[in-house]
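This report refers to the structure that appears directly beneath it.
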Amino acid sequence: MTATTQTQGRAPSPMLTFLKQPLVVALILIVALLLLGETLSPGFASAQQILRLLIVAALLGIVAAGQNLVILGGREGIDLSVGGVISLSAIIAGNVMNGADSAIVPAVLACMAAGAFIGLINGMGVTLLRIPPLVMTLGMLGVLQGLLVVVRNGIPSGFAAPGLSRFVTQPFLLGLPGIIWLWVAIGLLMAFMLTRTVYGHRIYAIGSNEQAAYMAGVPVRAMRISLFMLSGVFAAITGICLLGYSGSSFANVGEQYMLASIIAVVFGGTPLSGGKGGYTGTMAGALLLVILQGILTTVHIDESGRQMVFGATLLLLMLFYGRGRAMRG
Amino acid sequence: MTTATISTQKPGGGLKRLVERYPFLPALLIALVLLALNGLYQPRSISFIGITGLVKTYLALMMLAIAQTYVVYAGDIDLSVGAIVSLVNVVIVVLMEKMGGSGFSVVAALGVGLLTGLACGIVNGIVVAALRLQAIVATFATSIFFTGLALYVMPVAGTPAPAAFWRTYGGRFFEIPFVFYAAILLAIVLYVLARTRLATQLLAVGDDAQAAFQSGLPVTRIRIQGYALCGLFAALAAFCITGDTASGDPLVGGKMTLFSVAAVVLGGSALSGGFGTVVGSIIGALIIGLINSLVFFVGTPSEWQNLVQGLAILIALMAGVLVGRRARA
């Protein structure tokens, strides 16, 4: 295999090129992990278990869509505030619907508006004040965590409407719950948007060369603000679904999604430097991460061992993906 | 951005040149204003005892901000510093307890603690610089691993540190609190470090890694050394926090990671690397401490404190970035 790549002037074998695609890497790893899980604890890869993993992966995958867009947009784009938005959205949704099916639509609208607003502020800080995204969204995370304390002291956390819980956990079409269909729809929309629309091409344009994109007439600032707003909206949707998944919201439900969403994007083959990659890979990345966590919870080892294996495996998996270029003189 | 500082010396910018020479001046100004406000609302807070308490509580964050600074110098980031603090904290507490809590056991445990921090730093360095993984996700993965190790060493929080240790940290010698001796020692160490070749090399790598490589610098080794230095200072931060809390807790440092990044930015260093000062980061850590105490002293209702702190830190971050850029542009 390696001999062909090293001879000059010959293209690397098509097989190797195919195998090196991040999406293919992720899919192979997913199958391998499922087999490993089934060997370690029989029944891990049963239809019911896989369905449960898919639901958890959908929760992560939806917030990772927004993270993906912000990262694709380049200029060290990253959104650390998604965890705060998820927690906040779960609380807003719980309070607005408070167990009533009739209030689902206003709850969803309120959450999405809140997410978009937070994204708007993030985006304005990053573009108009030119604060690095890491700093801006880190500061925003601090603000949101404070806001959560205020909100939680003032009002009870509220309940999910039965309709929302059904949407997330009960079969809806072809035996799959609504949230999985929602995830599939988001995946199709993202793929269409990124490859077939002007907006999508402009994301890659500002991500790979902002100056050139600006010269070519792309409204760079508006684009970047819209990406952060979309990230806020996607995080809000995950927050709503998370409420449906657990029934009621609890302290900082969203915290665990902050870095997980970034890792899903990286496992999907979108480098943090932006400008290339896509959402299909991220979906596989989210699934990969969730299966890995699933295996670690079924295997009987204590918390410390679980964390060590998880950390080490993450590092190992990262080696499969695009590493930085080596320095050359 | 950074190259412009050398080429153009615009006339008439006395203040600007001063900020250019001492990038931490804006941070110092903010810190002094905050200190004055603290004194205004609670006169006792700027008394000798008040200042001692502030330093005693925030010396750990200062150490951690210093640790983060050396990595940021080279344009990297370390999201595992908090986990290293936790690990070193439980390692030294368990060792001191096992060896009986005598003076010798304390010194021996601290030695092992330093080595633990160094080892963690080198692991991070190898993963990021030698294996060329992306710093944000790679150090997040190592942080999970280090947390697992810490949980292995001490599964539940609560083992007390021997009195010999925390009595020294909180005590006085010749009427002067121990923490001030520690601060003076720290100042000398930092002064010496700033004169070493490593500090300059880290900045050179952060400014332009390619150029540094082409002029013959061993870029990979320098970045690993930066992470190693970071691990050592994270261990020192763990000593401070152990002296302050007088017990072991496998999760004690978790919340400190993001604050260390915020402190570095507040201090006027650029996250993109190549520009920054350690003094600024120390002041940045102080600013966070002063904001927290001020919010308390002005009588903010307890549930609003986190929100006000978050907002104040976000505003200070924005101000720091804006002023810093104005000085460099």
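Cβ coordinates are placed from backbone N, Cα and C, and glycine is handled just like the others.
Residues or ranges marked as transmembrane segment by TrEMBL: A:23-44 (among others). Sequence-distant neighbours of the transmembrane segment (A:23-44) (same chain, 6+ residues past either end, Cβ-Cβ under 8 Å): 50, 267-269, 280-281, 284-285, 287-288, 291-292, 294-295, 298-299, 317, 320-321.
TrEMBL lists A:50-71 (among others) with the feature transmembrane segment. Sequence-distant contacts of the transmembrane segment (A:50-71) (same chain, six or more residues past either end, CB-CB distance under 8 Å): 34, 77-79, 82, 86, 133, 168-169, 175-177, 179-180, 182-183, 186-187, 190, 203, 227-228, 230-235, 237-238, 241-242, 245, 257, 260-262, 264-265, 268, 270, 272, 274, 277-279, 282-283, 285-287, 289-291, 294.
TrEMBL lists A:103-122 (among others) with the feature transmembrane segment.
Taken from TrEMBL, the feature transmembrane segment applies to A:134-152 (among others). Using a Cβ-Cβ cut-off under 8 Å and counting only residues 6 or more beyond its ends in the same chain, the transmembrane segment (A:134-152) has close neighbours at 76, 78-81, 83-85, 87-88, 91, 118, 121-122, 125-126, 251-252, 258.
Beyond its flanks by at least six residues, the transmembrane segment (A:172-194) meets 51, 54-55, 57-59, 61-62, 65, 68, 72, 166, 200, 203-204, 234, 237, 241, 244, 278-280, 283 of its own chain at Cβ-Cβ distances under 8 Å. Look at TrEMBL and you will find A:172-194 (among others) tagged as transmembrane segment.
Feature annotation from TrEMBL assigns transmembrane segment to A:225-245 (among others). Residues 55, 58-60, 62-63, 65-67, 69-70, 72-73, 77, 79, 81-82, 85-90, 92-94, 107-108, 111-112, 114-120, 122-124, 126-127, 160, 164-165, 167-169, 179, 182, 186, 203, 253-254, 257 of the same chain lie 6 or more positions beyond the ends of the transmembrane segment (A:225-245) yet place their CB under 8 Å from a CB of it.
The transmembrane segment annotation in TrEMBL covers A:257-274 (among others).
Positions annotated as transmembrane segment by TrEMBL: A:281-301 (among others).
Sequence-distant contacts of the transmembrane segment (A:307-324) (same chain, six or more residues past either end, CB-CB distance under 8 Å): 22, 25, 29, 263, 266-267, 269, 271, 288, 292-293, 296, 301. The transmembrane segment annotation in TrEMBL covers A:307-324 (among others).
Remote same-chain partners of the transmembrane segment (A:257-274), defined as residues 6 or more beyond its termini with a Cβ less than 8 Å from a stretch Cβ, comprise 21-23, 25-26, 59-61, 63-64, 66-68, 71-78, 80, 82-83, 86, 141, 207-208, 235, 238, 280-286, 288-289, 314, 317-318, 321-322.
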